[in-house]
Amino acid sequence: MKTLLLTLVVVTIVCLDLGYTLKCNKLIPIASKTCPAGKNLCYKMFMVATPKVPVKRGCIDVCPKNSLLVKYVCCNTDRCN
């Protein structure tokens with residue numbers, strides 16, 4: 001009985017994923033990094049003239065505004081950038 005109870009507790013902790021943190025791609029999409037506390041968005045920055053080639057990727061707290069030369073795409077799920 002104790003083994004069953006202990007198993008249920010362990011499964012519950014694993015399923016809750018305590019301390020969840022966001023993971024965002026770095027510039028090279030194969031590599032990702034865990035975002036620090038407070039950085040709850042992933043972003044991808046690219047030049048408007050070359051929209052298929054990202055210049056920068058990472059974690060950010062607030063999505064920056066686009067300009068005439070630079071565009072930002074932000075999202076909030078793991079490796080969405």
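Each residue, glycine too, has its Cβ placed from N, Cα and C.
Swiss-Prot annotations:
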DISULFID  Cys24-Cys42  disulfide bond
DISULFID  Cys35-Cys59  disulfide bond
DISULFID  Cys63-Cys74  disulfide bond
DISULFID  Cys75-Cys80  disulfide bond
SIGNAL    1-21  signal peptide
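Cβ-based crowding with a 10 Å cutoff singles out Cys24 as the top-ranked of the disulfide-bonded residues Cys24, Cys59. The candidate set comprises the disulfide-bonded residues Cys35, Cys42, Cys74, Cys75, Cys80. Of these, Cys42 has the most other Cβ atoms within 10 Å. In three-state terms derived from DSSP, Cys74 (disulfide bond) belongs to an extended strand segment.
Mapped onto three states, the DSSP output places Cys80 (disulfide bond) in coil. DSSP assigns Cys24 (disulfide bond) to a strand. Using a 10 Å Cβ-Cβ cutoff, Cys63 (disulfide bond) registers 14 neighbours. Candidates Cys24, Cys35, Cys42, Cys80 (disulfide-bonded residues) were compared with Cys63 (disulfide bond); those inside 10 Å Cα-Cα are Cys42. Take the Cα of Cys35 (disulfide bond) and measure to each of the disulfide-bonded residues Cys24, Cys74, Cys75: the nearest one is Cys24. Inclusion criterion for the disulfide-bonded residues Cys24, Cys42, Cys74, Cys80: a C-alpha placed within 10 angstroms of the C-alpha of Cys59 (disulfide bond); this criterion is met by Cys24, Cys42, Cys74.
Straight-line distance linking the Cα atoms of Cys75 (disulfide bond) and Cys42 (disulfide bond), rounded to a whole number, equals 5 Å. Cα-Cα distance from Cys24 (disulfide bond) to Cys80 (disulfide bond): 7 Å (rounded to the nearest whole number).
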